[in-house]
Each structure stands twice: as structure tokens, then as C-alpha cells.
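Contents: one structure, followed by commentary.
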Amino acid sequence: ASYKVKLVTPEGTQEFECPDDVYILDHAEEEGIVLPYSCRAGSCSSCAGKVAAGEVNQSDGSFLDDDQIEEGWVLTCVAYAKSDVTIETHKEEELTA
């Protein structure tokens, strides 16, 4: 399946279709969208965002704790879309504040 991913970035909103078996960060890059990242393994906070609507699966990540995930935090490098989803990107400073 594919879902519509909407990224709300400081430069504006980007939308694309993302297969449910491709990480959101990887597919955004294929679409030419530049997002922050570092480890690409779900073990840091460089790519952190906040889910504003919809659902993701980020069980491959290790950096976020359950409370942060419940609050809507997401690591785009290890997140699969599970529905149409809206994510506010570039949130590392807010997450680690």
C-alpha cells in the first residue's frame, strides 16, 4: 500500500505518496526533499519530527522512549507510514530542549 505523506517544513509544505515499506526519510529524498538526518538508524534525534495527523510505524528506532512516541515524536529515518500522515519536520531542538 501507499499513503500520502505531508511534510510541514520551515520552507513550506511538501506532499508525496510513500509506499508503506519505505522509510519516510528515504522516500522524501527520492522525491528531492531535503530533510535533516545523521545516523539513519533511529538512534539519534537529527531527523526528529512531530506527527500532526495519521499513524507511523517506527519500531526499528531506539532513540525515542514510549512516552515520546505517544506524544507524537517521530524519527523519519526509521518511520513507515501506516496511514495518510502529516509530519512537522526539523523538530530536533524542540525534542531535545
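Note: Cβ is positioned from N, Cα and C throughout, glycine not excepted.
Quick look at what Swiss-Prot annotates:
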{"type": "BINDING", "residues": "Cys39, Cys44, Cys47, Cys77", "note": "[2Fe-2S] cluster binding site"}
{"type": "DOMAIN", "residues": "3-93", "note": "domain '2Fe-2S ferredoxin-type'"}
Within 10 Å of its Cβ, which one of these binding-site residues (Cys39, Cys47) has the largest number of other Cβ atoms?
Cys47
Starting from the [2Fe-2S] cluster site formed by Cys39, Cys44, Cys47, Cys77, give every other residue of that chain whose CB sits within 8 Å of the mean position of their CB atoms, in sequence order.
Leu25, Tyr37, Ser38, Arg40, Ala41, Gly42, Ser43, Ser45, Ser46, Phe63, Leu75, Val78
Which numbers of helix, strand and coil residues does DSSP report for the domain '2Fe-2S ferredoxin-type' (3-93)?
17 helix, 32 strand, 42 coil
Overall pLDDT of the domain '2Fe-2S ferredoxin-type' (3-93), taken as the mean:
98
